[in-house]
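J.: Take this structure first; my questions come after.
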Amino acid sequence: MATTPTTAATAATAALTGAKARRAAALPRHVAAAGRRADSVRCSAVSPSAPTPAPPATPLRPWAPSEPRKGADILVESLERCGVSDVFAYPGGASMEIHQALTRSPTITNHLFRHEQGEAFAASGYARSSGRVGVCVATSGPGATNLVSALADALLDSVPMVAITGQVPRRMIGTDAFQETPIVEVTRSITKHNYLVLDVDHIPRVVQEAFFLASSGRPGPVLVDIPKDIQQQMAVPIWDTPMSLPGYIARLPKPPATELLEQVLRLVGESRRPVLYVGGGCAASGEELRRFVELTGIPVTTTLMGLGNFPSDDPLSLRMLGMHGTVYANYAVDKADLLLAFGVRFDDRVTGKIEAFASRSKIVHIDIDPAEIGKNKQPHVSICADVKLALQGMNAVLQGSTSKKTFDFGSWHNELDQQKKEFPLGYKTYDEEIQPQYAIQVLDELTKGEAIIATGVGQHQMWAAQYYTYKRPRQWLSSAGLGAMGFGLPAAAGAAVANPGVTVVDIDGDGSFLMNIQELAMIRIENLPVKVLVLNNQHLGMVVQWEDRFYKANRAHTYLGNPENENEIYPDFVTIAKGFNIPAVRVTKKSDVRAAIKKMLETPGPYLLDVIVPHQEHVLPMIPSGGAFKDMILDGDGRTVY
């Protein structure tokens, strides 16, 4: 779904003079056999095409380029050659050699999270906020299985990640050895590709391929599993071994044909009510997208993954569509006669009842992944290509036209502006009770919409999507496809590592925050400017909302506080944060919110603000699962009996 920062054609021809591979990888899912030559490409589609020179010998690395070193050191040097400067790694018995090698690296810093799931979500936050490949390292067995949720999350959201796991020695594989898990098999369906390295000589090629696979085409996670005896084996690395991915490279989409782009523009010219439906696939195309909108005047709505790819404060922005999207965004899609779907996958939380979604529209679908074309909704025109190249091509046609075609969608704009006036986002207030939407609005105002925002999953996630202003790509970090609670804090920490000096705010719910609360240790030790804004309603808020709406408010294990004393706030996040030596404050009155958020933002380093909000509040608008625009719910909350 996501676009590549460089074109497939450029990637496939970035030359690296190489010799034949010394041997073939000997495992399932490994690539082509020994001796087969392939076009050689640099290890990452987002890194320079010129090879990185070998680092000079140092006291920690006394060997000359032609002298043997451990497989673990070859691995770390391979990461350096792929431009890696930060890794997120937690040590264990099967990965100790990798950690020892990391201590010898002059350029790579390890950021020690306190749980493998935390480190993997941090690698995701790093990648989402920077566009660079995020790297995490874990030991075998439980260390490796703790990466599973983050790998599934990265696959669904098209996040470029490389996960490296230690494995038991080769002779012990398949014997149920201590901390042995067949992680290649476990992750087969939730990674873009994975490897089990059985030959130390394959490490440079495998790492290069892993980074290229992760960052080219539709990005995704790649896992590299390395037995401990391979890490310990001495070898002289062969750095110019070419990649062997002829089938994959051949299938990478080509630049879009000009005649197809002209056909799309003809449809735009014939339409009266066009809408741009923009997803996470446009994360690398923000500038081109804004220019296309300037040239055409087409209103834009984004998916949850697409937030920030078009500025949400632009007059032509309809903000988010879908289950909890704005009325006017969903209205526009329902009434449109042309839907331009760029870098999207017609997810069920966007479409609802698929037959009723954009039922009046001709649909143009541009996506880099051929599997997404026609998977859920059949388009009238489809282009399998990098969205960035497609937008560049259409912009060039529009700007180069001698007749300079102008589009007049004024009446459509007026119709949508009227919808914005009639159905703005809004919420009720109750004296000094803190509405969660209000807290996010204050945060937006005080940060001027410039902070990087990470979230957990639930009601707070939707309110953060609705009420914060996203002005640029990679500003919004959230587990969209998988919906993994516990994502917010570690992802915020990873984003802070990738963007030094930038304020990062984790807008979290008490349920999500508690799932990876141990990572307060990491942000304190590294003194990262991560601000945690907990919207604490003592419940699993989104599940409670569904209980209110569809289960007669019957509470089925959704209360997270202390049943013996429901008047106390439990657990006490302020006390817990102070145990990590992180300043923390709790607010319970609306009149205190602004000053509290201002203090949070002004305090150097990490900070936790526990905002007590009512559990009766509902995320609105809401289209029930499987519903259509006509089924949209606009009012009500947990104070009402349904």
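Every residue gets a Cβ built from N, Cα and C, even glycine.
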J.: Scan 44-68, 94-118 against TrEMBL and say which stretch is down as region 'Disordered'.
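T.: Going through 44-68, 94-118 one by one, TrEMBL flags 44-68 as region 'Disordered'.
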J.: Could you give me three numbers for the domain 'Thiamine pyrophosphate enzyme central' (261-392), the DSSP helix, strand and coil residue counts?
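T.: Within the domain 'Thiamine pyrophosphate enzyme central' (261-392) the tally stands at 49 helix, 27 strand, 56 coil.
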J.: Just to be sure I understand, if DSSP states are collapsed into helix, strand and coil, how many residues of the domain 'Thiamine pyrophosphate enzyme N-terminal TPP-binding' (70-180) fall in each?
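T.: When I sort the residues of the domain 'Thiamine pyrophosphate enzyme N-terminal TPP-binding' (70-180) into the three classes, I find 54 helix, 19 strand, 38 coil.
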